[in-house]
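A.B. asks: Copying in the features that TrEMBL gives for the protein in this structure:
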| type | residues | note |
| --- | --- | --- |
| TRANSMEM | 6-26 | transmembrane segment |
| TRANSMEM | 35-53 | transmembrane segment |
| TRANSMEM | 59-79 | transmembrane segment |
| TRANSMEM | 99-120 | transmembrane segment |
| TRANSMEM | 161-182 | transmembrane segment |
| TRANSMEM | 188-210 | transmembrane segment |
| TRANSMEM | 222-239 | transmembrane segment |
């Protein structure tokens, strides 16, 4: 599948762009950002729990899964500290604060897309490739909503949506090309890398999304809305 890097880039761009369009359509409820974030966080956690994590464990074992999660968490902490120095949030001004939030989320999502791309390009199984592409597409929709909601609140328009969707997708394409060149046919390697991306996106979801939602709302409301999102994605994988 020599063109897998192109397909991976397109699936990522499409999913993220659809999320951005949904965020644009939700302009009327942007004051309910906590609700949007909570539901999207539930969708992402559900996707991890029902689709991505079982695949990582199946490819390897609980040791490779735990190792990958640990690496992902450590990478998150390093990236978080590094970019927090470069992107100091505004102490005042809702628009600048929203822009900072969107940039931080986009940076983390961009970084966690790289190992997914490497996995996509490395494996030679068509079934697994289709499963990864489906996962890429589905999880980029709620991520697109989450990233573009604060961007639109900051006053950005449609062209940044297109530009940022491409930026987020590039690591998938680069990783897939790199992976297809190396031809790493080792399921334990795939398991660690998939788990690493799980660790990163889990930390982003909990620390950057749910925590901010609780600050703007109540923990009970956030939990219930996240549970709705989690249940919806669970129903999707069970019944569809």
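Using N, Cα and C of the backbone, Cβ positions are placed for all residues, glycine too.
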A.B. asks: Which one of these stretches, 35-53, 59-79, 99-120, has the most C-beta pairs shorter than 8 Å to the transmembrane segment (161-182)?
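C.D. replies: Most contacts with the transmembrane segment (161-182): 99-120.
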A.B. asks: The transmembrane segment (35-53) vs the transmembrane segment (99-120): three or more C-beta pairs under 8 Å (separation of 6 or more)?
C.D. replies: no
A.B. asks: Which range out of 59-79, 99-120, 188-210, 222-239 gives the transmembrane segment (6-26) the most CB pairs under 8 Å?
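C.D. replies: Going through each listed stretch, the top one turns out to be 99-120.
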A.B. asks: Which residues, given as numbers and ranges, are at least 6 beyond the ends of the transmembrane segment (222-239) yet have a Cβ under 8 Å from it?
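C.D. replies: Distant contacts of the transmembrane segment (222-239): 34-35, 38-47, 49-51, 142, 210, 213-214.
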A.B. asks: Same chain only, please: residues at least 6 beyond the ends of the transmembrane segment (59-79) with a C-beta under 8 Å from a C-beta of the stretch. Say none if there are none.
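C.D. replies: The answer is 53, 107-108, 111-112, 187-188, 190-204, 207.
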A.B. asks: Quickly jot the same-chain residues contacting the transmembrane segment (188-210) by Cβ under 8 Å, restricted to those at least six beyond its ends, or write none.
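C.D. replies: Long-range Cβ neighbours of the transmembrane segment (188-210): 37-38, 40-41, 44-45, 48, 52-53, 55-57, 59-61, 64-73, 75-77, 80, 101, 104-105, 108-109, 111-113, 115-116, 118-119, 122-123, 139, 146, 222, 226.
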